[in-house]
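Scroll down for the structure; my scribbles are underneath it.
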Amino acid sequence: MISLLDYGAGNVRSLRNAIHALGFTLNEIAHPEEILKAERLIFPGVGAFGAAMERLQRLGYVEPLKEYLAADRPFFAICVGLQTLFEGSEESPGVPGLGVIPGQIRRFAGQGLSVPHMGWNAVRLERPAPLFAQYAGEKFYFVHSYHAAPSAENADWQLALTDYGQPFLSAVQRGAVAAVQFHPEKSGAAGLALLRNFLAGETAISSAMPRPSTAPTRFAKRIVACLDVRTNDQGDLVVTKGDQYDVREKSGEREVRNLGKPVELAARYFDEGADEVTFLNITAFRDFPLADQPMLEVLKRASERVFVPLTIGGGIRAFTDADGRHYSALDVAHEYFRSGADKVSIGSDAVTAVEAYRARGGVKDGSTAMEQIAAVYGNQAVVISIDPRRVYVTAPEDTAHAVVETATPGPNGERYCWFQCTIKGGREGRDVDVVELAQACEALGAGEILLNSIDRDGTGAGFDLELIAQVRAAVSIPVIASSGAGCVEHFADVFAATGVEAALAAGIFHRREVPIQAVKSYLRTQGIEIRN
Ligand code: 1PR
């Protein structure tokens with residue numbers, strides 16, 4: 001029997017799904033006294049250090065947990081769960097941790113280092129361990145802004161190190177107590193194998209396990225598969241795909257293009273090696289998304305099959321329903337997380353929030369969806385989806401917006417352009433450029449940018465490198481390049497020219513024109529680090 005310590009810190013649905021998929025049953029701990037009765041205890045970590053410790057305190061879990069750990073009983077913690085084993089964290093000054101491992105958790109810092117460390121990275125084992133019984137150097141999915149550094153005082157806990165700017169502890173173990181900084185439940189087959197080792201109480205070590213090594217681990221670029229989802233004219237939820245955001249057939253009845261069923265397609269992309277899967281509910285701006293039960297059902301079913309990060313976007317904003325009941329953007333996001341999302345993506349609401357932020361003179365007042373969701377679920381769970389369009393100008397002085405000099409001049413030979421943010425799926429342009437939007441969203445707590453391009457969407461002409469380079473240079477959070485991928489070379493181009501952390505495609509994957517593994521094989525030949 002496995003016991004899960006769900007202390008309400010965020011989405012643990014992914015972990016539950018992974019444990020069920022591995023064939024184990026779960027006992028959910030609901031009272032402090034159940035902790036000491038557990039046979040194997042699993043401790044998920046989501047959200048901020050302080051929030052996690054505060055919840056553990058409030059629920060009366062801290063003392064029984066310390067007693068369980070002191071008795072060296074089987075224990076496995078994930079992400080912030082690992083961090084709470086330490087004495088404290090820079091993230092939440094003054095909040096004591098469980099104090100089992102000496103030392104403090106610190107924020108990542110370094111020139112040109114994107115924070116959070118979000119994506120796939122390997123581990124260097126310090127010693128063989130049954131937890132990593134079948135480990136053969138695969139990468140795991142990490143998402144965190146804070147880390148535990150190896151030191152003399154925690155030497156007896158060090159199980160594995162990972163490098164991101166500096167080496168940090170990616171796995172710790174002493175006796176029966178173990179913890180990992182990455183998310184095994186979101187790390188594909190390698191993560192599931194590791195989780196099974198804990199759940200099954202594995203004690204053997206494979207002779208194939210890599211020898212301890214000092215060669216730094218390498219962080220991978222991510223390949224993301226995106227599914228634009230909407231209801232078609234027959235009322236079915238389908239995966240669609242537009243050309244420059246027009247998702248209707250060009251002839252006949254102009255039906256909504258139907259490229260497949262959302263859950264089946266998401267599962268196919270997981271099996272084919274996508275590093276992440278994103279669902280965008282593209283017409284959610286029209287209706288209240290929580291009334292859209294089929295979309296929530298899609299998410300629930302997809303999360304039972306997809307063991308890499310799942311992002312969902314569309315309609316995340318405050319809403320008052322027909323009965324006058326008010327829902328905050330956090331309520332909407334909460335429902336998406338409960339249904340299996342690991343991250344939520346905000347489009348239109350981010351643009352209007354930034355306009356209001358600008359009107360307030362750049363003062364944060366906690367009122368935006370970004371701030372509220374980040375405070376509860378962490379910055380890494382808040383993605384901003386930008387839908388920009390080129391606006392050409394003759395000279396930089398012709399606009400107050402941030403321009404680029406462009407290699408593809410405008411219709412009248414204009415050599416400069418700025419990138420205008422739009423809302424409602426490109427239907428309405430606003431007086432905000434991508435640089436202002438991206439920087440303001442970073443300040444308001446966004447953890448990642450999903451950067452589309454209406455001009456390139458569905459064209460297969462390649463990513464808009466000028467747009468992407470401009471945004472990449474403006475922020476320090478990770479950027480996902482999107483729109484226009486037509487062949488494997490386009491992925492290498494965008495990584496080489498802009499330094500983005502991830503690249504996303506839709507049409508070429510849906511139509512099976514370019515398989516995900518073909519993209520990865522090509523990137524490997526170009527010396528670009530990717531997950532196998
Ligand atoms: O504004 O918070 O409700 O969110 C709506 C979300 O829906 C936004 O993320 C917005 O980007 C998206 N969206 C709205 N309308 C459309 C449309 O296509 N008519 N899709 C739309 C955006 C762009 C990407 C696409 C890439 C790659 N689609 O999702 O997957 O361009 O395509 P490609 O590889 O085929 O070129 P809110």
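Just so it is clear, glycine is given a Cβ too, placed from its N, Cα and C backbone atoms.
Just so you know, TrEMBL annotations are computer predictions that nobody has curated.
The active site, nucleophile annotation in TrEMBL covers CYS79. Annotated active site per TrEMBL: HIS183, GLU185, in sequence order. For 4-199, the entry in TrEMBL reads domain 'Glutamine amidotransferase'.
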Rounded inter-Cα distance in Å - HIS183 (active site), CYS79 (active site, nucleophile): 7
Distance [Cα-Cα, Å, rounded] between GLU185 (active site) and CYS79 (active site, nucleophile): 11
For CYS79 (active site, nucleophile), nearby residues of its own chain (Cβ under 8 Å, 6 or more apart in sequence): PRO44, GLY45, VAL46, VAL143, HIS144, VAL180, GLN181, PHE182, HIS183
Mean of the pLDDT scores, which run from 0 to 100, over the domain 'Glutamine amidotransferase' (4-199): 93
Surrounding CB atoms that lie within 10 Å of the CB of HIS183 (active site), all protein chains: 26
Local backbone state of GLU185 (active site), from DSSP in three classes: helix
